[in-house]
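One structure is given below, encoded as C-alpha cells.
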C-alpha cells in the first residue's frame with residue numbers, strides 16, 4: 001500500500017485519486033481490515049448510531065432507477081400509499097425511539113420536493129421528531145435552495161441524497177436525473193447548514209474501478225458527508241436489476257473498510273442488504289469501520305433484520321441498552 005500507517009493517520013484528506021483508492025480497495029483483506037481499524041480507532045469513539053427508516057410516501061416515483069421498486073417504470077408489486085399524516089409519522093418515531101433508535105429517517109418516493117401542503121407537513125414532521133429528542137433525516141429527491149433553508153429552520157439534522165454509483169456507470173442505472181443534478185442537490189443541502197448523508201450501492205453491475213470512482217467523489221467532498229450509507233443491491237422482482245447476481249459479503253467488508261480509511265470521521269452506515277450478511281460478516285464490518293446501522297424491520301420497500309435480532313447481535317459484540325431501550329452504548333474494546 002502506498003500510504004503507511006503514519007500517513008493514514010496524519011490528516012484527513014480531500015484529494016484522493018481513483019488509482020490510490022483502487023489500490024486500497026484491492027489490498028489483501030486482512031491488511032485492509034487492519035488499516036481500516038487503525039483509522040477507525042484513531043478517529044472514532046466505539047459506538048454505533050441506530051437509525052430507523054420509515055417510508056412516509058411509497059410508490060409512484062417519476063424516476064427510472066433500475067434498482068427501485070417504487071419507480072413508475074418498475075413492474076414490482078409493491079403496496080403504494082399516499083403520504084402518511086403527521087401524527088402517524090410521529091407515532092412511528094416514538095416507537096423507534098423506544099426501541100433504541102436515536103435518528104429517525106423519513107423517505108418520500110418523489111423526484112423532487114414540491115411546495116405546498118405535503119412539504120408543509122414534512123416540515124411539521126421534522127420539527128416533531130426533533131421535539132422527541134431524536135435526529136431527523138429526510139430523503140425526498142431534489143430540492144431548491146429555499147426548500148433547504150426551510151428544512152434547516154425546521155431543525156432538520158441531515159438530508160440524504162445518494163450518488164448510487166460512479167459517474168461512469170451512472171447512465172446504466174438511471175437516465176431521468178443526471179449525476180450533476182445529484183451533486184447540485186448535495187451542494188444546496190450543505191449550503192443550508194444541513195448535514196449531508198450521501199453514499200451509494202454496490203452490486204449494480206459495476207466494476208471495482210467504478211466503486212473506487214464513487215468513493216473518489218465522496219471522499220473529495222470538503223467537508224466529507226457526515227453520513228455515508230453503503231448499500232448492497234437487494235434485487236427486487238419487477239425491477240430492471242431483478243436478475244442481478246448477489247454480491248459476496250467480502251465485497252461489502254472491503255467497501256466499508258475503504259470508505260473508513262478515506263473518510264475517517266464520517267458515520268459509515270451499513271445499510272440495505274444487511275439482512276443477507278451473516279452475523280460474523282456484520283461484526284467484521286463493525287470492526288473495520290461501520291458505526292451506524294438502520295434499525296427496524298423494514299427499509300422503505302425491502303426487509304431488514306428485526307429489532308430483536310439486532311438487539312441480540314449488538315449485545316453479543318458489546319452493546320448494552322438501558323431498561324427502556326432509549327439509549328445505547330457500544331463497548332468494542334475486545335475487537
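The backbone N, Cα and C atoms fix where each Cβ goes, glycine too.
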The [2Fe-2S] cluster site in Swiss-Prot lists 105, 137, 197. Which one of 41, 260, 269, 274 belongs there according to the record? 269
Which whole-number value in Å describes the distance between the Cα atoms of residue 137 ([2Fe-2S] cluster binding site) and residue 65 ([4Fe-4S] cluster binding site)? 21
Chain-mates of 61, 65, 68 with C-beta within 8 Å of site centroid, [4Fe-4S] cluster: 63, 64, 67, 69, 70, 71, 73, 74, 109, 174
Other than 105, 137, 197, 269, the chain contributes near [2Fe-2S] cluster (Cβ within 8 Å of their centroid) the residues 51, 53, 103, 139, 158, 160, 227, 229, 292
Residue 269 ([2Fe-2S] cluster binding site), DSSP three-state class -> strand
Roughly how many Å separate the Cα of residue 65 ([4Fe-4S] cluster binding site) from that of residue 269 ([2Fe-2S] cluster binding site), to the nearest whole number? 21
